[in-house]
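This report concerns only the one structure given below.
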Amino acid sequence: MHSTTPISSLFSFTSPAVKRLLGWKQGDEEEKWAEKAVDSLVKKLKKKKGAMDELERALSCPGQPSKCVTIPRSLDGRLQVSHRKGLPHVIYCRVWRWPDLQSHHELKPLECCEFPFGSKQKEVCINPYHYRRVETPVLPPVLVPRHSEYNPQLSLLAKFRSASLHSEPLMPHNATYPDSFQQPPCSALPPSPSHAFSQSPCTASYPHSPGSPSEPESPYQHSVDTPPLPYHATEASETQSGQPVDATADRHVVLSIPNGDFRPVCYEEPQHWCSVAYYELNNRVGETFQASSRSVLIDGFTDPSNNRNRFCLGLLSNVNRNSTIENTRRHIGKGVHLYYVGGEVYAECVSDSSIFVQSRNCNYQHGFHPATVCKIPSGCSLKVFNNQLFAQLLAQSVHHGFEVVYELTKMCTIRMSFVKGWGAEYHRQDVTSTPCWIEIHLHGPLQWLDKVLTQMGSPHNPISSVS
């Protein structure tokens with residue numbers, strides 16, 4: 001009796017070098033894909049003397065120092081393996097260290113690495129032990145005073161209201177990434193389809209975008225790296241000359257907090273880190289999408305498998321849909337990829353058309369007006385929320401009253417339109433005038449705010465639709 005052998009297997013051959021390297025593979029999924037990725041790498045490394053030996057040394061002795069193992073950088077920075085494109089250091093970190101790795105945002109190079117992916121050199125290091133995985137920082141609890149020493153006359157509410165109502169333009173300012181982002185990032189990535197602007201604050205102040213006025217300042221104008229000021233407050237946000245008041249100048253205005261007389265309120269990660277609602281003009285369409293995966297794709301296609309990592313807008317129907325909306329929906333395409341990594345939220349435009357984002361947290365970090373709408377071109381990504389920044393602002397705000405803390409709820413909502421933008425440079429004044437847009441609610445920060453506000457008790461001035 002003869003066994004039947006597929007014709008393809010007669011001609012398939014795995015080299016001994018590939019077999020050895022696959023011995024260190026992590027996880028048991030996508031065996032064929034991993035084999036092809038390693039085979040592609042071996043062909044490149046065999047052209048370099050000692051490269052294969054160095055890689056095997058790194059994989060067999062992960063605790064020992066090892067040298068860079070490099071391959072040439074492609075034009076777009078990516079590597080294609082079996083009809084899938086990805087960044088090379090991400091691919092090989094996934095093969096040999098972290099099978100669940102989703103994005104380059106989750107990786108940081110070690111100091112010993114001479115050719116990290118972000119260094120714009122002709123060679124890229126793919127040694128998986130020259131990268132570390134970003135850890136989610138532990139946020140310190142917010143200390144809420146047990147006894148209210150709050151003086152409404154010294155509240156920063158006027159400053160927040162100034163930015164939120166009186167000074168907010170009828171049409172938001174616009175900024176385009178990366179042109180308007182003049183502050184150089186601490187660790188910039190090269191321009192590529194997976195280019196991410198993952199800036200962390202380097203200096204105490206950020207430049208305004210070319211279209212942003214120098215005043216009024218954002219109500220959140222504090223350095224991220226500077227510890228919160230002592231409990232000082234000013235009566236108004238600006239002097240008669242229109243310049244922002246230096247909070248450190250009025251050192252005689254002190255809100256006394258008895259030492260140790262406070263309740264700590266801790267941050268907790270919710271089951272669903274965000275929810276996404278889809279709108280067409282001012283009409284809500286479909287059910288709210290609850291995101292449990294840290295990597296979520298929002299696209300214009302249909303997905304009959306009901307993948308929990310995808311929110312497919314192509315499935316949603318609307319009897320009031322006009323031709324402009326229909327045409328816009330056809331251009332959403334691959335849409336936007338949302339990542340929640342290390343306490344930070346990134347939005348990556350994977351559509352062929354730009355996306356437009358309004359995030360107060362992002363605008364604060366870059367010194368823009370709070371209502372600024374940022375254009376993210378195809379192939380670029382932007383950090384749209386930073387938990388550590390939010391934690392610091394919340395810790396500062398609890399000493400200025402209920403209303404000031406409540407204002408931070410606006411930071412926990414991100415609005416994003418597809419294909420069509422809005423603001424001063426567009427004929428659409430408001431996001432509700434754009435054909436297709438989404439509203440993202442960040443559950444962790446919102447629930448943290450809710451717990452802090454509950455501890456603070458009722459506001460001195462009741463919150464209303466006009467407050």
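Quick reminder: no glycine exception, Cβ is built from N, Cα and C everywhere.
Fair warning: this is a prediction, and the values are worked out from it, not measured in the lab.
C113 is the only one of C61, C113 that Swiss-Prot places in the Zn(2+) site (with C68, C125, H130). Per-residue pLDDT, averaged along the domain 'MH1' (16-140), amounts to 88 for this model. Annotation note: H130 (Zn(2+) binding site) sits in a helical segment as assigned by DSSP. DSSP classifies C68 (Zn(2+) binding site) as coil under the three-state reduction. DSSP assigns C113 (Zn(2+) binding site) to coil in the three-state reduction, placing it in neither a helix nor a strand.
The helix, strand and coil residue counts that DSSP assigns across the domain 'MH1' (16-140) are 50 helix, 18 strand, 57 coil. For C68 (Zn(2+) binding site), the Cβ neighbour count at a 10 Å cut-off comes to 18, with all displayed protein chains included. Apart from C68, C113, C125, H130, the residues listed for Zn(2+), the same chain places the Cβ atoms of K67, V69, T70, P109, L110, C112, E114, F115, P116, I126, N127, Y131 within 8 Å of the centroid of those Cβ atoms.
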